[in-house]
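Structure first, commentary second.
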Amino acid sequence: MRRTAFILGSGLLSFVAFWNSVTWHLQRFWGASGYFWQAQWERLLTTFEGKEWILFFIGAIQVPCLFFWSFNGLLLVVDITGKPNFISRYRIQVGKNEPVDPVKLRQSIRTVLFNQCMISFPMVVFLYPFLKWWRDPCRRELPTFH
């Protein structure tokens with residue numbers, strides 16, 4: 001019991017110290033560049049003045065989709081071509097599904113597109129009025145690291 005308490009206590013203390021250090025560094029970073037980011041955000045809000053819902057949909061739908069397809073597109077190229085080898089050797093199941101079955105690949109891409117278009121998009125559209133009621137999803141002031 002004493003050993004478990006020591007391990008958990010040490011882990012918790014280390015986590016709190018690490019988190020405090022990260023927060024301190026982020027506060028210093030925000031203090032140095034906060035005005036720049038706040039000015040860019042206000043400029044973006046001014047561009048979409050009166051149409052914040054467009055900015056919300058772009059941020060909640062388009063940005064994650066762009067990142068998803070960018071990174072996973074690179075992995076698809078690796079799966080389809082088998083090149084470059086320095087990435088292929090880190091596969092979880094080496095030798096399995098090589099080469100990738102085109103039928104399964106098309107089906108999985110269709111499934112992902114269906115989920116993004118028919119589930120994620122309507123969910124974001126449905127939740128926007130609730131977020132607007134709860135608090136403004138596109139506030140003027142950016143949050144800080146306090």
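Every residue gets a Cβ built from N, Cα and C, even glycine.
Residues or ranges marked as transmembrane segment in TrEMBL: 53-78 (among others). Only residues 6 or more beyond the boundaries of the transmembrane segment (53-78), in the same chain, are considered here, and those with a CB under 8 A from a CB of the stretch are 44-45, 84, 87-88, 105, 116, 120-121, 124-125, 128, 131, 137-138.
Long-range Cβ contacts of the transmembrane segment (112-131) within its own chain (Cβ-Cβ under 8 Å, at least 6 residues beyond either end) map to 53, 56-57, 60-61, 65, 68, 137. Residues or ranges marked as transmembrane segment in TrEMBL: 112-131 (among others).
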